[in-house]
Amino acid sequence: MKIIFLVFLIFTQFLVPTSLSAQKTEIQSSIKLKIDTYLKEGVKNGFSGAILVAEKGEIVINQGYGLADKKNNIQNTPNTIFDIGSNTKQFTAAAILKLSQLDKLKVTDSLSTFFPNVPSDKGNITIHQLLTHTAGFKASIGKDFDPITTEDFFKKVFASELLHKPASKYSYSNIGYSILARIIELVSKMDYEVFLNVYLFKPSKMNQTGYLLPQWNTNLCAIGYNRNVMDIGATVTRYQKDGGVSWHLKGNGGINSSQEDMYKWIKALSSNAILPTSLFEKYTASHTRNMNDSFGYAYGWGITNSDRDTKRITHNGSNGTFAHSIIWLPNEDVIILYSTNASSPKVERLAYNIEKIIFNQNYQLKPIKKNPYFLVFDFIENHGSKDSKELYSIVKNGANADFKKSGVLNSIGYMILKEDKNLEWAIEIFKLNSELFEDEGNVWDSLGDGYVANGQKEEAIISFRKAVALKNEGTLKKLNELLQKE
């Protein structure tokens, strides 16, 4: 009897782990199916991007959806290259800590250490304050691709007025991270991207991450589609055309990468292949809190608590067209990576919704709906302007949601005008907007612009007169110019 019991005991010891493993596999398969089904349905309404979920070192799902290039019908895949926006900042922060590890600088060092002629109000700003967005610099001093020399950029930055006294509050600043990128160059005597490549990317086995250094296969570079409508091209192509990266972007945004490479990055960080434990803890510790104390900022990372009261290391990046999100849950050993080349408010929280699916099997996701721009352009592509009444009905039914402000249809109308291919539809869009927001002078001004573009002078005069009556600034000049041509 004892022998039988012993055999049973040994058997159950093997059976329980196998049973648990099977249960885990079943749960992961269920999660994968739910995410995959959800995003495939989303593609029908304009979703375009890629998602990666890993749990305890195992890939649950790693897949692309929608088109990376509509013209050439190239699908998004896990190897598609996306602009990761402000998630660039985590590389800059890690590079600073790598220099700290090499005894080349301290995070307590001040700007005057690296910039001898820095104004007195900024001289005592520390690297730590730049890393945590507490230095007081404004968000930016120019547009991402504006050309500017190194000398002119920093002359302009250091002449700018601080928003507040250093260390007194949190204010997100792209400028601060561009200053950090310059410090990396000055201390290492290497170009910023070269330093990242040598000390961060190569040790992580990442070969599809950077600005210009990777041997890019442009067929893998996603084209950006503003609101999934307007082709703005691939960011990598823009850098190649410009012959470099503007200081308005360097260090704070604009690095390109794939889902595969970003997963390698997180794995390298978690295994301390990039930073030793002491520096990694500093890298991911919450050093400052926002006003309502719900969000902390580490070094290039945001720190929040999950719904389960566990640590969430996270950051988002977006230029309005491309968007990238990272959710890293070290306690549960879960990683979520999300990229899109057609961002809109409809999908900006997608990674956080995916997190809810993972930890709550009963969570019901709301379907991804067409963003208003895609909805209208999709309708226009399949209908002539004679069908405008049908679009009126669709828009009016959603007037309290997506079309509750005149700016949406106004922007769509001007996007059509810019293409100069379908002026009749531009006018119909402006007319619809004037019906929905008849008391706003700006919509009548826009309708007038549509009529002018289409050579309908009398209709333009009527619209401009309505805009003037509603005291719309700038319309009177347009009206007088038209009247003088009579």
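Using N, Cα and C of the backbone, Cβ positions are placed for all residues, glycine too.
TrEMBL does not curate its annotations; it predicts them automatically.
For 38-351, the entry in TrEMBL reads domain 'Beta-lactamase-related'. Across the residues of the domain 'Beta-lactamase-related' (38-351), the predicted structure has a mean pLDDT of 96.
For the repeat 'TPR' (441-474), the residues of the chain that approach it from at least six positions outside its boundaries are 406, 410, 413-414, 417, 420, 423-424, 426-427, 429-431, 433-434, 482-483, 485, judged by C-beta separation under 8 angstroms. Annotation source TrEMBL lists repeat 'TPR' at 441-474.
Residues or ranges marked as signal peptide by TrEMBL: 1-21.
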* May I have the DSSP-based helix, strand and coil counts for the residues of the repeat 'TPR' (441-474)? => 26 helix, 0 strand, 8 coil
